[in-house]
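Student: This structure is in structure tokens; I'll ask about it shortly.
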Amino acid sequence: MLKFLNQVTSYGKESFQAARYIGQGLAVTFDHMKRRPITVQYPYEKLIPSERFRGRIHFEFDKCISCEVCVRVCPINLPVVDWEFNKEIKKKQLKHYSIDFGVCIFCANCVEYCPTNCLSVTEEYELSTFDRHELNFDNVAMGRLPYKVTQDPMVTPIREFAYLPESEMDGHNVDHTAPRAGQTPAEIVASTPKPETKEG
């Protein structure tokens, strides 16, 4: 009889402990349900990159003087500059320029040190392909106009990377319907003062 009572008591303790652990897990789950979502419904929603975001490098063929400064400052000597010397004008003439974005570390040293500003960083970060050889961009591919998230009519731009309102450190107490920090592109345009036109 005593053995049976001990078994019942131990079973009751284990059941109570299991129920307590399940309750703790559900409490964490319900706590997360109150929080605002941090996921983005990509590709229908996209985050607006920050002001100094370093994405795909844009190249302007006509500005390049084939000085190869970009190759010297690159930590991995990545840019390929193919040029020939024109004896008539006694200057280098660029024939071909390419960067392999599958190897590029996006440090933007080439952009910073370029003497003619023929290189610039864009906010493009979608460089995925099925074949890694397609990431080797030549001067034609690098010369196309950069893509902007805010100018795509098929995409909803999300305000920014920060999801909490200003001066708020803990996300537990913030209502999930509260506005995000920062401004939307439309609000930025509306708050920008228009240039004054001279009449007369």
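Cβ from N, Cα, C; glycine included.
Per Swiss-Prot, the features are:
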DOMAIN    55-84  domain '4Fe-4S ferredoxin-type 1'
BINDING   C64, C67, C70, C114  [4Fe-4S] cluster 1 binding site
BINDING   C74, C104, C107, C110  [4Fe-4S] cluster 2 binding site
DOMAIN    95-124  domain '4Fe-4S ferredoxin-type 2'
REGION    175-200  region 'Disordered'
Student: What residues in the same chain, six or more past the boundaries of the domain '4Fe-4S ferredoxin-type 2' (95-124), come closer than 8 Å to it by Cβ-Cβ distance?
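Tutor: Contacts of the domain '4Fe-4S ferredoxin-type 2' (95-124) (Cβ under 8 Å, skipping residues fewer than 6 from its ends): 49, 53-65, 67, 69-70, 73-76, 78-84, 132, 135-139, 142, 146-149.
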Student: Consider the binding-site residues C64, C67, C70 and say which one has the Cα lying nearest the Cα of C110 ([4Fe-4S] cluster 2 binding site).
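Tutor: Out of the listed candidates, the nearest Cα belongs to C70.
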Student: Could you check the binding-site residues C64, C67, C70, C114 and say which one's CB has the fewest neighbouring CB atoms inside 10 Å?
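Tutor: Fewest other Cβ atoms within 10 Å, among the binding-site residues C64, C67, C70, C114, is found for C67.
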Student: Between the Cα atoms of C104 ([4Fe-4S] cluster 2 binding site) and C70 ([4Fe-4S] cluster 1 binding site), what distance do you get, rounded to the nearest Å?
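Tutor: C104 ([4Fe-4S] cluster 2 binding site) and C70 ([4Fe-4S] cluster 1 binding site) have their Cα atoms 12 Å apart.
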Student: Can you list the residues of the same chain, besides C74, C104, C107, C110, whose Cβ falls within 8 Å of the [4Fe-4S] cluster 2 site's Cβ centroid?
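Tutor: Residues close to the [4Fe-4S] cluster 2 site, other than C74, C104, C107, C110: I57, C70, V73, P75, I76, L78, P79, I99, I105, F106, A108, N109.
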Student: For the binding-site residues C74, C110, which one has its C-beta crowded by the most other C-beta atoms within 10 angstroms?
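Tutor: Ranked by Cβ atoms within 10 Å, first place goes to C110.
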Student: Compute the average pLDDT of the predicted model within the domain '4Fe-4S ferredoxin-type 1' (55-84).
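Tutor: In the predicted model, the domain '4Fe-4S ferredoxin-type 1' (55-84) has a mean pLDDT of 94.
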Student: Highest Cβ count within 10 Å among the binding-site residues C104, C107: which residue is it?
Tutor: C104
Student: Can you check what DSSP calls C104 ([4Fe-4S] cluster 2 binding site), collapsed to helix, strand or coil?
Tutor: coil
Student: What are the other residues, in sequence order, whose C-beta lies within 8 angstroms of the center of the C-beta atoms of C64, C67, C70, C114 at the [4Fe-4S] cluster 1 site?
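Tutor: So the additional residues around the site are I65, S66, E68, V69, V81, C110, P115, T116, C118, L119.
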